[in-house]
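S.K.: Below are the features listed in TrEMBL for this protein:
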- 104-115: compositional bias 'Low complexity' (COMPBIAS)
- 248-396: domain 'YDG' (DOMAIN)
- 471-532: domain 'Pre-SET' (DOMAIN)
- 535-671: domain 'SET' (DOMAIN)
- 681-697: domain 'Post-SET' (DOMAIN)
- 93-122: region 'Disordered' (REGION)
Amino acid sequence: MEDDDGQDYVDKSRVLNVQPLRCLAPIFPSTPSFPSFPHPQAASPFMCPPPAGHFPPGFASFYPFSGYPDSHNMQTPMPFGFNGSIPAVPINSFRSGANGDAGSSGRSSRNPGPSQYEEEDCHSDWVHVNEGEDSSKAATKKKRIPKRVRAGSGQDINVASSDVDVDAMVDKIVESFNLMDFDAFKRADGDKDSVGYIRMIYDLLRRKLSQIEDSKESTPGVTRRPDLRAGTILMNKGIRTNVKKRIGVVPGVEVGDIFFFRMEMCLVGLHAPIMAGIDYMGLKVSQDEEPVAVSIVSSGGYEDNSEDADVLVYSGQGGNINNKGMEITDQKLERGNLALEKSLHRGNEVRVIRGVKDIANPTGKIYVYDGLYKIQESWVDKGKSGCNVFKYKLVRLSGQPEAYTVWKSVQQWKDGSTGRVGVISHDLTSGAESIPVSLVNDVDDEKGPSNFTYYPGLKYLKPVNSNESSTGCGCHGGCLAGNSSCPCIQRNGGNLPYTTNGVLVSQKPLIHECGSSCICPPSCKNRVCQSGLKIRLEVFKTKDKGWGLRSWDPIRSGAFICEYAGEVIDITSAEELRCVNDDDYIFDATRTNQSGEGFLNASNETLKIPFPLIINAKHAGNVARFMNHSCSPNVFWQPVLRENSKECDLHIVFYAYRHIPPMTELTYSYGIVPPDRADQRRKKCLCGSAKCLGYFY
């Protein structure tokens, strides 16, 4: 059809009442014990015979084949579609290729399976995930046969092979988090604590699975996906929250939160589809049900664009636009597209997650929850392919904290298109670090810390003899995760403490890094904290806590931030400074961590300090001296010993406790003093945390 100008257009009013042609959620009749089925008024009984044969691993018979589900037992995974929930069963496969929701059902000819569902997105081609083990059966199977399936990029993806008893490992992690009180109510409706627990458990499990895979020989053409495997395991065990889909705010998820994996968003109920860009649910209207959008992910793979930071023009799903080798067609007003159209007319809020490029990982993305938007208008446009593409203009609701706007501002500071307000110095380090550290004050007229010299390392006034002999390693090309004969790996319990991308797997009593007695190169994967800063930091003036530290870059949980630099002093000198109240810049490793910092430690082991290390950074130090105390910190410290045959080379290193968005203040717990010093003067705490004790030492 053409308008007066001869331009093609689609009369959407003629198809607005079209229901989705296909839906992932099966429609079953209601029952008195489960009144919230998709169609409560359905009267006809379900007449399909039950499936024959054995269920695949990880699946069990479900309603209506095995009776009605118990709506009160939230620990029992529900089939997809019940009560608007996302699947709590092993994930078989995903199909990507659009900003949309579920694609057509089908089986891969390379990996036929008894039951598969596919989802579309704009991130990649075919991505198949192996079936997980049912938790009740996994304990009896310590060795699993690797299952490989094919990706459209020509790579096999193996996410299930392991010789480790993963189920026992998961139980140990869950036990360390003390989730006995994580009941059905928190699974249904979360809060900040429950969301935080789920995300930390997921990331710890994902890193441990990465560590296991790193120790194996790589197989040509095989891509391992510990992110998908970890999520599948936790879903099967019911370790998730905000299971029920909802419009608007998700309890416990805050505007500005960042996610490095789609599985994270699924586990906390922010965005259910693992690969799809549009998440929607059925909403009952009179006697019928219509789809409405609840969240979208704009990851840049489609023809999305932003007029400004608070306006997003989002492209619809379908049309095979990103499916190589397939004919590109007009998009249809169905599924996710129809849900967005219905949301336009209903005026409901839609959660928007922005996908941005991960600078540290060129092939990865970081997902930023940008808050609630409303769809203002929609139209059909000609895409780059010449086919019709649905467009939806979404406008951000006012009064929400800044999120994506911060990312845009930081990018402008980096490329020089906009100047940073309040800059005193563009590089506080005067070239001592490979990455500059800005000094900023937009609060008052103070021009920076006085009587301070930037120094990036430790100054030992006298050498500390090592109690253990160290010969170092002979790994000429660098330590390899699978090299069990490497002495540095042996000292770390048989594994490298870091994943391939340099993320700390978990807290340990003591980390052994390669040092001066090793012949491996500076690029060795066991020298993570020895090459200086890797992120762009900023020392800034706070309103009531003096100077503070934050990052322009997003920081991944477990990532190295910096070490504590300064002058190593003895206990006597430290006590003298405390007596005259001159200990503001002293780091005392003899203190113990507060309870809030132990979540990365699945073994619950206490830290091991070879000798009482105390560092004074008042006159000489690095960025770590500017980190303030918090009773709910986002950074933790870890003792790291570098292999040295002559003397003890001990360092205090800081890592991210959880994912940290840009321009968020970095804080750690100053710890608890030993009992013999408990009478020390307490200092007033101004961290503002909901768990603030009101003081620190």
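Placed from the backbone N, Cα and C atoms, the Cβ positions cover glycine too.
Curation plays no part in TrEMBL annotations; they are all automatic predictions.
Map these features onto the structure and tell me what's around them.
M.R.: Looking only at the domain 'Pre-SET' (471-532), the predicted model's pLDDT averages out at 93.
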S.K.: Give me the stretch from 471-532, 535-671, 681-697 with the greatest number of Cβ pairs under 8 Å to the domain 'YDG' (248-396).
M.R.: 535-671
S.K.: Report, as numbers and ranges, every residue of the chain located at least six residues beyond the domain 'Post-SET' (681-697) whose Cβ falls under 8 Å of a Cβ in that stretch; write 'none' if there are none.
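M.R.: Sequence-remote neighbours of the domain 'Post-SET' (681-697) are 544-545, 581, 591, 596, 628-632, 667, 669-673.
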S.K.: What are the helix, strand and coil residue counts for the domain 'SET' (535-671) according to DSSP?
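M.R.: Summed over the domain 'SET' (535-671), the classes give 19 helix, 50 strand, 68 coil.
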